[in-house]
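Feature table excerpt (Swiss-Prot):
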type	residues	note
REGION	1-110	region 'Interactions with ADPRT/PARP1 and NCL'
DOMAIN	38-87	domain 'FHA-like'
REGION	122-167	region 'Disordered'
MOD_RES	S132	phosphoserine
MOD_RES	S137	phosphoserine
DOMAIN	182-287	domain 'HIT'
SITE	S188	site 'Interaction with DNA substrate'
REGION	207-211	region 'Interaction with DNA substrate'
SITE	H265	site 'Interaction with DNA substrate'
MOTIF	272-276	motif 'Histidine triad motif'
SITE	H276	site 'Interaction with DNA substrate'
SITE	K291	site 'Interaction with DNA substrate'
Amino acid sequence: MSNVNLSVSDFWRVMMRVCWLVRQDSRHQRIRLPHLEAVVIGRGPETKITDKKCSRQQVQLKAECNKGYVKVKQVGVNPTSIDSVVIGKDQEVKLQPGQVLHMVNELYPYIVEFEEEAKNPGLETHRKRKRSGNSDSIERDAAQEAEAGTGLEPGSNSGQCSVPLKKGKDAPIKKESLGHWSQGLKISMQDPKMQVYKDEQVVVIKDKYPKARYHWLVLPWTSISSLKAVAREHLELLKHMHTVGEKVIVDFAGSSKLRFRLGYHAIPSMSHVHLHVISQDFDSPCLKNKKHWNSFNTEYFLESQAVIEMVQEAGRVTVRDGMPELLKLPLRCHECQQLLPSIPQLKEHLRKHWTQ
């Protein structure tokens with residue numbers, strides 16, 4: 001009889017997929033999107049958006065939990081966009097893990113994440129993935145840069161932004177649950193085909209959407225959700241990440257005369273701290289808009305050494321308010337400071353500096 005009871009208990013435990021809308025700058029708690037239920041959000045206390053250009057009913061969201069995407073309908077007058085492409089009034093498009101939804105006018109970035117929940121009838125629902133009480137530590141592993149895949153081979157001018165990678169060196173890997181398929185970053189980290197280097201502390205992969213001829217991501221095996229979650233205990237890890245970044249430059253671009261920068265985005269596009277190692281040519285078809293450019297050429301990009309010094313001196317990283325506004329600044333050449341009106345003209349201008 002006891003064996004039957006155990007079997008029944010196991011039988012009634014079922015897994016349910018749930019969807020969450022997550023503000024990338026962690027200004028408020030994530031919002032649950034019930035399966036196939038229309039949820040309308042916009043300006044208000046739930047989102048903490050006070051911008052009058054954002055309607056109180058800006059978007060309608062309907063989660064297709066079984067299919068792994070959310071249908072987004074723009075209800076408000078001002079533009080809502082997904083990956084910088086405007087949806088259009090009364091139009092509906094799919095928002096998938098790895099894409100960024102800007103609520104209005106390229107502001108207020110959101111992503112969606114899916115979780116598996118174990119649920120017992122009559123009992124409290126238990127999440128398969130744990131999260132702390134700190135909203136900054138909510139995992140958001142779906143992001144454009146972090147999708148399973150790789151970047152351009154160095155020097156390629158192809159219109160493609162994704163080609164196979166060389167296999168990384170063998171090293172022990174700290175096992176971690178990959179969770180839902182949308183967590184492309186963790187999958188990429190664990191996949192030998194995606195790796196160019198790994199050791200006990202970090203792994204290096206090519207950015208799937210490189211913004212330059214050489215663009216790598218250095219990621220710690222330890223899960224750190226954002227720069228705000230970095231503490232003094234991570235100091236040696238940050239130093240090691242910087243050292244590995246420099247090593248990758250020597251190993252894979254040693255003959256190149258290109259200049260490199262190592263740094264972090266003030267507000268990361270995924271919930272796993274990652275160091276960008278990027279050449280300063282910005283010669284890539286994946287560099288498509290002002291947001292891409294300014295994320296690497298304004299104070300939005302925090303130098304690796306500066307981050308290390310902050311943690312060394314203060315025990316934490318200070319990210320000032322208003323960072324998203326930097327992404328809207330005019331296009332300015334990082335070499336000569338000349339203002340350019342468009343990305344195509346900026347790219348043409350940059351060619352002059354390649355020959356110098």
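The backbone N, Cα and C atoms fix where each Cβ goes, glycine too.
Tell me about the surroundings of these features in the structure.
For the region 'Interactions with ADPRT/PARP1 and NCL' (1-110), the mean pLDDT of the prediction comes to 85.
According to DSSP, S188 (site 'Interaction with DNA substrate') sits within a helical segment.
Within 10 Å of the C-beta of H265 (site 'Interaction with DNA substrate') we count 20 further C-beta atoms, all protein chains included. The secondary structure of H265 (site 'Interaction with DNA substrate'), as reduced to three states from DSSP, is extended strand.
Following the DSSP three-state reduction, the secondary structure of H276 (site 'Interaction with DNA substrate') is strand. Taking all protein chains in view, 25 other C-beta atoms sit within 10 angstroms of the C-beta of H276 (site 'Interaction with DNA substrate').
Within 10 Å of the Cβ of K291 (site 'Interaction with DNA substrate') there are 18 other Cβ atoms, across all protein chains.
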Just to be sure I understand the packing, how many Cβ atoms besides its own are within 10 Å of the Cβ of S188 (site 'Interaction with DNA substrate')?
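Around the Cβ of S188 (site 'Interaction with DNA substrate'), 24 other Cβ atoms lie within 10 Å.
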In Å, rounded, how far does the Cα of H276 (site 'Interaction with DNA substrate') sit from the Cα of K291 (site 'Interaction with DNA substrate')?
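Approximately 16 Å lies between the Cα of H276 (site 'Interaction with DNA substrate') and that of K291 (site 'Interaction with DNA substrate').
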Can you tell me how far the Cα of S188 (site 'Interaction with DNA substrate') sits from the Cα of H265 (site 'Interaction with DNA substrate'), in Å?
20
By DSSP, what is the split of the region 'Interaction with DNA substrate' (207-211) into helix, strand and coil residues?
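Its residues fall into 0 helix, 0 strand, 5 coil.
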